[in-house]
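**Q** These came from Swiss-Prot, pasted as-is:
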type: REGION; residues: 1-30; note: region 'N-terminal arm'
type: MOD_RES; residues: MET1; note: N-acetylmethionine
type: DOMAIN; residues: 31-70; note: domain 'Beta/gamma crystallin 'Greek key' 1'
type: DOMAIN; residues: 71-117; note: domain 'Beta/gamma crystallin 'Greek key' 2'
type: MOD_RES; residues: CYS82; note: S-methylcysteine
type: MOD_RES; residues: CYS82; note: S-glutathionyl cysteine
type: MOD_RES; residues: CYS117; note: S-methylcysteine
type: MOD_RES; residues: CYS117; note: S-glutathionyl cysteine
type: REGION; residues: 118-123; note: region 'Connecting peptide'
type: DOMAIN; residues: 124-165; note: domain 'Beta/gamma crystallin 'Greek key' 3'
type: DOMAIN; residues: 166-214; note: domain 'Beta/gamma crystallin 'Greek key' 4'
Amino acid sequence: METQTVQRELETLPTTKMAQTNPMPGSMGPWKITIYDQENFQGKRMEFTSSCPNVSERSFDNVRSLKVECGAWIGYEHTSFCGQQFILERGEYPRWDAWSGSNAYHIERLMSFRPICSANHKESKITIFEKENFIGRQWEICDDYPSLQAMGWFNNEVGSMKIQCGAWVCYQYPGYRGYQYILECDHHGGDYKHWREWGTHAQTSQIQSIRRIQQ
């Protein structure tokens, strides 16, 4: 049975909206995010406890600041969960560069977002493979690595990955920089057999740092 979630538009005279969507059927995860249409938590704002595929359907032309109060979320550059991905963990993000951070790409748009249901910082495991389709040398990872090469991985590319537990964010460059790829054990069955499955924005198999997502 689906659980009703509440999305409240918080303006001078607040209104309440009900939604029948749920991040995962039968799930009662503690997710809550507040978005604003201006930087520094100004202007119109709205709370969400479930996915939003298009903020323009909620009368937002863009998300310019946000607060994550519960859970971990993925923000997307475009509607329908497409484009660049941005990991959104608990905290305040007063401007676009707070969530794109050291992305090294100037992207000020955030048009859709959803909760990460499988994030489990204490119990996370991923296996990376040298080649596509889980072929070649492999390495099981259960911790955060700001530089895979410094810890023993032999090159700057990863061909495929299996997520056994939790959710991970992989980065194009060392030090958690560059494109972000959020990989979850409950998506693709946890199997990412080709780098193109990492996201609609994926353009390369280059992965040089990786960390667990905080719930």
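Cβ from N, Cα, C; glycine included.
Give me the structural setting of these features: burial, nearby parts and distances.
**A** Broken down by DSSP into helix, strand and coil, the domain 'Beta/gamma crystallin 'Greek key' 1' (31-70) contains 7 helix, 21 strand, 12 coil.
CYS82 (S-methylcysteine) has a Cβ environment of 15 other Cβ atoms inside 10 Å.
In the three-state DSSP scheme, CYS82 (S-methylcysteine) falls into the strand class.
Under the three-state DSSP scheme, CYS117 (S-methylcysteine) falls in the coil class.
Same-chain residues lying 6 or more positions outside the region 'Connecting peptide' (118-123) and placing a CB less than 8 Å from one of its CB atoms are 71-72, 165-167, 184-186, 212-215.
The average pLDDT computed over the domain 'Beta/gamma crystallin 'Greek key' 3' (124-165) stands at 96.
Across the domain 'Beta/gamma crystallin 'Greek key' 4' (166-214), DSSP helix (H, G, I), strand (E, B) and coil residues number 7 helix, 22 strand, 20 coil.
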**Q** Taking the Cα atoms as reference points, how far is CYS117 (S-methylcysteine) from CYS82 (S-methylcysteine) in Å?
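**A** Counting only the Cα atoms, the answer is 18 Å.
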